Amino acid sequence: MEEEGLECPNSSSEKRYFPESLDSSDGDEEEVLACEDLELNPFDGLPYSSRYYKLLKEREDLPIWKEKYSFMENLLQNQIVIVSGDAKCGKSAQVPQWCAEYCLSIHYQHGGVICTQVHKQTVVQLALRVADEMDVNIGHEVGYVIPFENCCTNETILRYCTDDMLQREMMSNPFLGSYGVIILDDIHERSIATDVLLGLLKDVLLARPELKLIINSSPHLISKLNSYYGNVPVIEVKNKHPVEVVYLSEAQKDSFESILRLIFEIHHSGEKGDIVVFLACEQDIEKVCETVYQGSNLNPDLGELVVVPLYPKEKCSLFKPLDETEKRCQVYQRRVVLTTSSGEFLIWSNSVRFVIDVGVERRKVYNPRIRANSLVMQPISQSQAEIRKQILGSSSSGKFFCLYTEEFASKDMTPLKPAEMQEANLTSMVLFMKRIDIAGLGHCDFMNRPAPESLMQALEDLDYLAALDNDGNLSEFGIIMSEFPLDPQLSKSILASCEFDCVDEVLTIAAMVTAPNCFSHVPHGAEEAALTCWKTFLHPEGDHFTLISIYKAYQDTTLNSSSEYCVEKWCRDYFLNCSALRMADVIRAELLEIIKRIELPYAEPAFGSKENTLNIKKALLSGYFMQIARDVDGSGNYLMLTHKQVAQLHPLSGYSITKKMPEWVLFHKFSISENNYIRITSEISPELFMQLVPQYYFSNLPPSESKDILQQVVDHLSPVSTMNKEQQMCETCPETEQRCTLQ
């Protein structure tokens with residue numbers, strides 16, 4: 001948590017002083033006396049500004065405000081307090097401020113306040129909003145911490161952070177002694193990090209009786225929390241507003257036409273208000289966006305129809321109220337927001353009067369048997385539908401259009417959103433739990449216990465990556481791997497790059513695959529132009545090398561440009577995502593700092609030489625030897641080495657563009673879906689694979705033609721040592737099973 005990151009927005013090392021009151025002109029004494037009558041801010045000792053009082057009136061109108069006295073009483077008398085409230089009741093901004101007041105009242109003797117969020121965008125926006133409401137500087141009294149960006153000082157009283165950042169802080173500060181109050185917000189999202197924190201904090205609370213834990217949740221999860229934590233006080237915030245809910249009378253196969261018809265009917269009705277549409281996946285956003293855009297000017301007398309696509313998985317802006325300049329615009333604008341699941345947190349505007357919900361989502365569900373995500377279409381939960389309805393906020397005339405029947409809502413939708421821990425790859429979580437065990441906190445009482453099969457797969461993968469010793473504890477490799485805020489496979493590749501003298505290049509690859517997609521969404525009709533631009537960066541050795549080429553071109557442009565505008569224009573011209581490349585730059589700098597901090601060797605860059613290319617592939621194989629595929633028929637049908645799934649190269653792969661399909665590839669991602677694409681692929685040779693793959697992993701591979709080919713490679717490389725290798729495999733396999741127990 002102490003790493004340096006990006007500079008804080010609007011932060012300044014200078015304090016605010018009252019205007020002209022300290023001048024040496026005549027009448028100074030009267031002005032200073034007048035200032036003495038002003039109410040002082042207890043957090044920085046300066047007089048409150050007029051804006052503070054304006055915002056205070058807005059805060060007092062929030063539904064949560066009437067519960068302040070009850071909350072403060074319960075905070076004084078209890079170690080755990082649960083706050084139950086709807087999305088727009090104000091709990092995420094007000095409860096942390098009240099906790100800061102509590103810590104101030106006891107002179108911070110137990111520490112400050114930290115409040116977790118699931119999403120990065122809300123962390124930053126809440127910190128900015130709360131600093132404004134408290135009349136203090138962002139980055140000083142109030143700050144935030146998100147991956148690769150730290151906007152706090154040692155004097156920060158109230159911190160907002162993502163849940164995974166607080167989890168990482170526990171590696172070095174397991175009992176979180178810097179904080180007197182910990183707030184877990186939006187736990188109904190059921191992210192892995194939040195569920196882990198809920199379990200670990202039970203032990204921390206026992207070790208630190210003075211610590212306070214506040215849990216903010218939607219009402220749907222309260223009964224489960226009560227059974228999990230026992231008899232703890234619950235502050236219920238009432239925020240009921242009449243909303244007209246409209247269901248379909250009968251099920252429809254295709255919701256696309258219904259969505260478009262509803263959007264244009266609402267617009268033609270003349271009723272004022274913005275529209276939010278929840279779609280199943282990002283491809284649907286692009287499809288609806290294009291169609292609505294084409295029909296947005298059919299009737300200009302009704303005002304402009306502005307399409308706003310919001311992609312929750314990318315670093316996109318929040319949907320906020322119009323500023324004063326936009327409000328004064330003569331032409332009425334109706335905004336149509338298109339988003340997907342988890343897009344609820346991006347909607348911060350009270351101008352929404354209509355919500356259209358398709359009722360289904362495309363979810364990633366991890367299959368530990370084949371080590372791959374499946375993209376499945378599933379109904380959303382009843383709690384998700386309720387949260388979407390709450391976007392209408394205080395609107396007395398809001399309408400919630402459900403593109404499904406009432407029977408579907410009651411029978412097909414589950415009451416609660418599934419916990420991510422039960423549907424995701426747990427390898428990173430298990431690595432963290434093993435690291436915490438070193439710090440003395442190995443037990444974790446999960447609210448929903450993960451599937452034993454998922455835990456076994458995670459332990460097995462860590463064992464293959466040499467992250468565990470013979471007793472099942474973290475090895476030296478494992479301890480160093482846990483220092484990187486990356487997937488364990490990527491961390492292992494970085495460690496291997498130190499051995500193979502290609503740290504500079506592998507850090508670039510790690511940053512590029514961790515940042516959002518560097519390729520922009522291409523407008524309809526510009527596909528050929530985009531492909532032509534992207535071809536300039538293609539590297540013959542594969543997509544990992546192409547990512548290095550793109551990053552280096554971005555770096556050169558940044559160094560040689562006179563302004564940010566020139567860099568942004570260059571990105572637009574080449575259909576590249578400028579914010580994603582900026583983020584990759586920040587991530588790379590952070591990873592380099594970790595390399596230096598733990599004193600790992602760092603070789604000078606040598607990108608382009610044959611030796612360097614081979615070394616990069618060795619480093620990648622050291623982490624991703626479990627993600628190998630072979631073209632079985634010469635036409636681009638790739639069979640996974642670990643199972644019998646067949647996949648194709650992604651259309652944006654350099655090999656797809658050049659139509660040159662290598663026989664063996666290493667890939668970064670694979671998801672089972674309609675197209676079964678493998679993403680970010682680079683050619684490897686079977687000889688190189690067999691030199692680097694752990695022998696006990698190879699012995700556990702299922703029988704296949706690919707395994708037979710690799711065995712022939714082994715026999716050809718070292719026929720004499722085959723018997724010794726087989727003996728080593730047999731000796732290693734039993735140990736592997738014994739090591740794979742969560743201790």
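We count from 1, first residue shown onward.
Placed from the backbone N, Cα and C atoms, the Cβ positions cover glycine too.
The ATP binding site feature in Swiss-Prot is assigned to Gly85, Asp86, Ala87, Lys88, Cys89, Gly90, Lys91, Ser92; the stated evidence is sequence analysis. For Asp86 (ATP binding site), the count of additional Cβ atoms within 10 Å of its Cβ stands at 21 [all protein chains shown].
Swiss-Prot lists 72-238 with the feature domain 'Helicase ATP-binding', giving sequence analysis as the kind of evidence.
Positions annotated as N-acetylmethionine by Swiss-Prot: Met1.
Taken from Swiss-Prot, the feature region 'Disordered' covers 1-28.
Ser92 (ATP binding site): 25 other CB atoms within 10 A of its CB, across all protein chains. Scoring each of the binding-site residues (Gly85, Gly90) by how many neighbouring Cβ atoms lie within 10 Å, the top position goes to Gly85. Within 10 Å of the C-beta of Lys88 (ATP binding site) there are 20 other C-beta atoms, taking all protein chains into account. Taking the mean position of the Cβ atoms of Gly85, Asp86, Ala87, Lys88, Cys89, Gly90, Lys91, Ser92 as the ATP site, the remaining same-chain residues with a Cβ inside 8 Å of that point are Leu62, Pro63, Ile64, Val237, Asn239. Averaged across the domain 'Helicase ATP-binding' (72-238), pLDDT for the predicted model comes to 94. In the three-state DSSP classification, Lys91 (ATP binding site) falls within a helix.
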